[in-house]
Structures are given as structure tokens and as C-alpha cells.
């Protein structure tokens with residue numbers, strides 16, 4: 001579980017591509033370095049937890065916060081509170097960065113009329129000159145999902161698991177499409193060359209395997225209350241997305257065109273979706 005969260009969010013570096021210089025090579029290298037550093041630190045965290053968890057595994061399993069229990073056994077109450085305060089701060093910073101990325105993507109899709117309520121989401125705030133509506137929209141959706149913690153462990157665990165499986169599926173599709181079927185893909189300034197196919201096979205295989213793992217329940221022969229409902233959530237999102245794809249009459253793609261004056265202008269192109 002920790003490994004999947006450490007080796008995830010590969011697209012985070014892409015969110016700063018518009019502000020990065022020489023993004024065609026800088027952003028891919030940022031992804032490579034981010035994955036490498038995250039993998040190394042994730043391995044170190046796993047090793048530290050394994051050596052410090054002790055031998056009473058049943059007590060850790062029965063604990064409401066197993067990681068906090070490991071810290072408590074190793075550092076005592078004051079040390080655990082100090083470390084946990086850092087955890088809370090880091091989680092808040094991570095949540096803020098995820099809200100930033102989500103609001104930017106929501107704004108981009110609403111600009112192209114690809115989301116419900118796009119006209120409202122795309123509206124800029126007259127005072128801040130920023131898309132405040134998209135930030136509040138994503139914040140309220142995140143809050144609604146967070147309220148599932150009161151519905152039970154299985155409900156909120158499905159949300160946590162879908163954050164990994166959803167990303168892995170989204171990553172695997174374009175990687176597989178690069179090599180499956182006919183396409184006119186042209187390598188950019190950053191390319192893996194002959195290593196592209198082996199890396200794609202390993203990455204897609206790893207993400208497929210971990211996605212299947214996240215679909216399994218925590219205990220064999222689960223009852224209704226112990227079932228892992230991640231596959232239900234993923235299936236529901238997929239069905240709704242397919243329905244929206246066919247219901248949406250058209251989408252407006254905004255391509256930024258650089259003008260001789262140095263400014264960028266949005267060139268609108270319309271694409272009609274197929275109907276049933």
C-alpha cells in the first residue's frame with residue numbers, strides 16, 4: 001500500500017509544465033527524478049517500519065492507527081506527537097497541492113465545455129482574476145468524499161484505493177496505446193529510444209498487478225460489510241463517463257496560439273461526439 005502511494009502521481013510534474021522553461025525535456029526528467037527519489041524514500045520508510053513494528057503484529061492490526069502505534073512503541077507519547085504533527089502538516093500541504101492540480105484540470109476541461117456546469121466553472125472571479133469557482137467546486141467534492149469516513153471503513157477505503165487504481169488505469173491507457181495499434185506517434189526531444197517498449201511493458205504490468213491487488217478484500221471469504229467496494233466505485237465512474245461521452249453533443253478544444261505580439265490567443269476548434 002505504501003509502495004503504491006510512493007510510486008504514484010507521476011503527472012504531478014506536468015502541472016508545472018506551463019511555467020517551466022524548456023518543458024519538453026525538463027518535465028520528463030522531473031518525472032524520472034521524482035519517481036526515483038520517491039521509490040528510494042518509500043523503500044526507506046518501509047524498511048524503517050518493518051524494523052520498528054516489533055513482534056506483536058496482532059496489536060498493530062487491531063490498532064486504529066497502526067503507523068501511529070509503531071511510532072508510540074518506538075518514541076513514546078511526546079515523540080509520537082511531535083512526529084505526528086509533522087505528518088499532519090505534510091498531509092495538509094499535499095492536500096493543498098492536489099486541490100491546486102485538480103482545480104487547474106477542472107478549469108481546463110470546463111474551458112473546453114467538457115464538464116457539467118462548464119459555464120459556471122469557467123467563470124473568472126472579478127476581484128482575484130482567478131477561477132475561484134473551480135477551487136470551491138473541487139473542495140466541496142473532496143469534502144463530500146471525506147464524509148464517507150462516517151459511513152464506515154469500507155466506504156472510505158474504497159475512496160483511498162480508487163485514488164491509486166484510477167491513476168494507474170489513466171496512466172496505462174496512453175502508454176499501451178503508444179505501442180498497440182497503428183498510430184503516427186512522433187518522439188519528442190525526450191525519448192527512451194529502444195528502451196521505450198521494455199519500460200512500457202514493465203510499467204503497465206506493475207500498474208495492472210497493483211490495481212488487481214487493490215480490488216481484493218482484506219480477508220478471505222468476506223461478508224457484505226467486509227467487501228472491498230473499489231471495483232464498484234471504479235465501475236460506476238466508468239459507466240457515468242461513457243454515458244457523458246455519448247450524451248455530450250460536442251466539445252470545444254482551446255489551443256493556445258502564439259502571436260507575433262508575444263501574446264497567446266485561444267483558438268477554438270469543435271469536435272462532435274458520436275451518438276448511439
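Every residue gets a Cβ built from N, Cα and C, even glycine.
In TrEMBL, annotation is done automatically, which means it is predicted and not curated.
Looking at 228-248, 249-269, the range tied to transmembrane segment in TrEMBL is 228-248. The transmembrane segment (158-180) makes no contact with the transmembrane segment (26-45): fewer than 3 of their CB pairs lie within 8 A, with pairs spaced 6 or more apart in sequence.
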